[in-house]
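Structure first, then comments.
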Amino acid sequence: LTDNTDSFPKINFRNACTGIDNIAEAITLLELNNWDLVAAINGVIPQENGILQRYASQTGPPTAPAAAPPPPPAAVSASTSPSSSSSSSSSAFCPVPPARHIVERQPRMLNFHVEYRTRAIEVVLEEASTVGDIKQILETELQVPVSKMQLKGWKSGDVSDSTVLRSLHLPKNTSLYVLTPDIAPCAGTSLSSSLQQESLNQNYLLVITHREAQREYSLNFPGSRTVQEVKRNISDLTNIPVRHQQWEGWPASASDDSMTLASCGITYPCHRLSVCRRSSPASALEPTEECTDVHMVSDSEGDDFEDASEFGVDECEIFGMGSSSCRKSPMMPENSENEGDALLHFTAEFSSRYGDCHPVFYIGSLEAASQEAFYGKARDRKLLAIYLHNDDSVLSNVFCSQMMCADSIVSYLSQNFITWAWDVTKEANKARLLTMCTRHFGSVVAQTIRTYKTDQFPLLLIVMGKRTSNEVLNVIQGNTTVDELMMRLMGAMEIFTAQQQEDIRDEDEREAREMVKREQDEAYRLSLEADRKKREAQEREEAEQVRQEQIRKEQEEEREAIRLSLEQALPPEPSEDGGERISKLRIRTPSGEFLERRFLGTTRLQVLFDFVASKGYPSDEFKLLTTFPRRNITQLEPSGTLLEAKLFPQETLFLEAKE
């Protein structure tokens, strides 16, 4: 960066002024100061140290600033000299080689505002200090050991205790906060809302190692994401249900899965974790009088019966009970008039049988579910998953408990699908479903459902909305596994995503065309509005000109009337042969003309003023002056005579406009 004027030497900011040889570091300093060169230089070499000088001219020597008393050790306040605050295209900042022009450099002080729970600590240190020095001061103030203290809020991410503050290129004032994951917080304590909100908006990089598969995942999450949501995402990637996950690396403070990443105490911006499947200890199977749940194993959900669906047997038969002995009330009442009420009953019965961890079933008609999934904005559209349940199938219990209630399936369906359910156990409900499918998807879909036998249920239909019609992408039968079900859902999602991207492009192009049309219409409307305002302004201006002209004419007529009345009221001009004392006055006007008239020496000054006014020079606008000595006659008493004013026997006066 150089000064291009010929009056001053060219100065290289990166080396000569600051001594910084690394161009990347120089650019970083400029970015931190919003590309303000003066602020960037002052950030490295404060002005009060006398290092920066300004030449007054090419040949003139620089002026050394007066030595100021050293600041107190607790703080240093930077002040900008008047010469440095003014900008000039012909000025340049440069080092002054002679030692006599350099004032001893004072250390740059940094102010830190540190918050810990409900407390706020102000720390002032030299920039040559380290992060560890800040922690030592905070240990004394907060009574928190340095080993249990995490100092957060650095713009460049986490730093070590040995990091020198100067290397961070910090501004004069910096806000930080302290986390103590190993120390339980007191009731009612929290970070300030501004810092907490800033932490929630930060992105955390979680490097998660799947120990069994020897794979590593690098995932970005916002600070507002909960620990539970992270575990569910890992369940989708590793096929390890959340309840079977065994983690290493979470801080001790992350005891609740509902905590956000920003508040659980993980390291910012990167934190390492590892996960594997929890080993399931063998548990005894105790027979029960009543089949209250299809999961009749230990809390750890042993793997002995997870793949029962592959053999096409009901879990109740595994324990020696017929399916009829386990059956409860029907999933859906027969001949229900309202589809919403029928689905509410279905959801309640599904939860009572298989637990609350299940897909969110859409409560409403099939038509409403289709509208929700297909007919919104292209970016908001989803696939429609239609679950068809049949209690007479031996696969229903296993499919519901092992597939529909699996964490990965529940999470994937909730994020990417609108799930609608119906029970076809009763013939009346099945006939009603076929009628709805024929109306919304065509007779081919209804005929396809008819071809499936009872033991092939339950079915999961994946439907995608298109421009002209709805298409069934996949029909998933009950004799499947969690992995196969997930693969088929993901395959349908790939097809849908490709179609959705095309729809988004078409929608964006259509919206762009409509936006251009709206902008053109708006521009035309604004043009008409501007023309109307311009026309109205012109009419107002013309009306104002007419009004001003009328006022001017009235004023001129009034002045002319006054002038005539004064002229008529003047006494006659005396003759020179009358024998009386005559005063002859000669008056020069601003235009250079002269007015001459004779007056009696005893004539009052008011008559003179009236004479001048009758010629168009009223006394409230003009003053009457003598030449030498210069006197303002209009300031004299009007009742005085010309003799008293020494305007006898003759005098030359001139008129001058008042300011």
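Even glycines carry a Cβ here, placed using N, Cα and C.
Cross-referencing 501-527, 528-554 with TrEMBL places the feature region 'Disordered' at 528-554. Residues 55-94 are the range that TrEMBL records as region 'Disordered', among 55-94, 135-174, 295-334. Restricting the average to the domain 'UBX' (578-655) gives a pLDDT of 89. For the region 'Disordered' (528-554), the DSSP counts in helix, strand and coil order read 27 helix, 0 strand, 0 coil.
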